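As structure tokens, the structure follows; a few thoughts come after it.
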Amino acid sequence: RSGFLSSKEVVSQNLVTENVSVVEGDTAIISCRVKNNDDSVIQLLNPNRQTIYFRDMRPLKDSRFQLVNFSDNELRVSLSNVSLSDEGRYVCQLYTDPPQEAYANITVLVPPGNPLIEARDQILQEGNQTEMTCTAMSSKPAATIRWMKGDKELPGKPRVELTYDKMYTVTSRLTFTVGREDDGVPVICIVDHPAVKDFQAQKYLEVQYKPEVKITVEFPQGLTREGENLELTCLSKGKPQPQRVSWVKVDDDMPPHAVIIGADLYIENLNKSYNGTYRCTASNSVGESFDDYVLYVYDSRAGEGAARAMDHAVIGGVVAVVVFAMLCLLIVLGRYFARHKGTYFTHEAKGADDAADADTAIINAEGGHTNSEEKKEYYI
């Protein structure tokens, strides 16, 4: 005779109503609507089938029920300060032949109490496993609990208990291993329930861890040469903060000129006998850690040879270019002078090729010049 629609409406022939969910202490609205009324009387009954409203009259002496609207097509009633005892099936009734009925179920939601976080360990050490529980008490329906560590969700193991007053208590247990990166990170218990939003509690982790150690060179900035000074600083961080920092030379004694002041190591007037590994160790209540620095002392002029070799190479290259240019110039000049000198000798010997002896050649040569001049005069 009646059924549930996708809109959660309960329909019986001409009567329409809705199921209601309301938080304990709030107000519920019950509406009885008629699609096609033929002047029949509408009334509202409680789960015990006592009449709450007959038309616009309230026979039931409970002032929490108030008339919101009455017309031929609707009877709307409010119920304030709802309690668990008000849960049940309310009846909208239309006096026809036969009578028509539709049913509105009122569900009372009870929000859980403030979530409670309990931690097995207040102070943790890195690498250890810990356990936390979160409890959401006395809710209806049962709440669900989620866990977050920082921005990462972690899986918990829930347990649901039904109490004597028909309430639900949910407890979730979380187990995880901590690292140094978890120090100061909040673990958040988030309670999801239809009656509340953003219901959560959190607890910050306190994680102790052994020191982190790093050696830095304050001086010198470049090579460590003979005769120079060396200054090293040992940086350490841990929780609790390391109170003890020590320096040793591995497999050997410290140099006689070494001075240790707190976390700093000073060595004056370096020489090659100081070569070796220098170790800084820092410790706290959790443990100890160390870092090593390997010292190698170079010659006092180490690093300069490369620069000088480079300078010599540059100078040698310039000299080679100059020498090559001079050789080229000498070759060009030599060929130039040789060419002009050959021409001179050729003119000087002209006319002497047919002479029988040297004297005749000289005479012919001289005569040749005279003849030339005579010829010139003749032609003139």
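Here the Cβ of each residue, glycine as well, is placed from N, Cα and C on the backbone.
In TrEMBL, annotation is done automatically, which means it is predicted and not curated.
Confidence over the domain 'Ig-like' (8-107), given as mean pLDDT on the 0 to 100 scale, stands at 91. Here TrEMBL flags 8-107 (among others) as domain 'Ig-like'.
Residues or ranges marked as domain 'Ig-like' by TrEMBL: 111-206 (among others).
Per TrEMBL, domain 'Ig-like' is recorded for 211-291 (among others). DSSP states for the domain 'Ig-like' (211-291), grouped as helix (H, G, I), strand (E, B) and coil, give 3 helix, 46 strand, 32 coil.
The transmembrane segment feature in TrEMBL is assigned to 313-333. Residues of the same chain that lie 6+ residues outside the transmembrane segment (313-333) never bring a C-beta to less than 8 angstroms of a C-beta in it.
Note: the domain 'Ig-like' (111-206) comprises 3 helix, 60 strand, 33 coil (DSSP; helix = H, G, I, strand = E, B).
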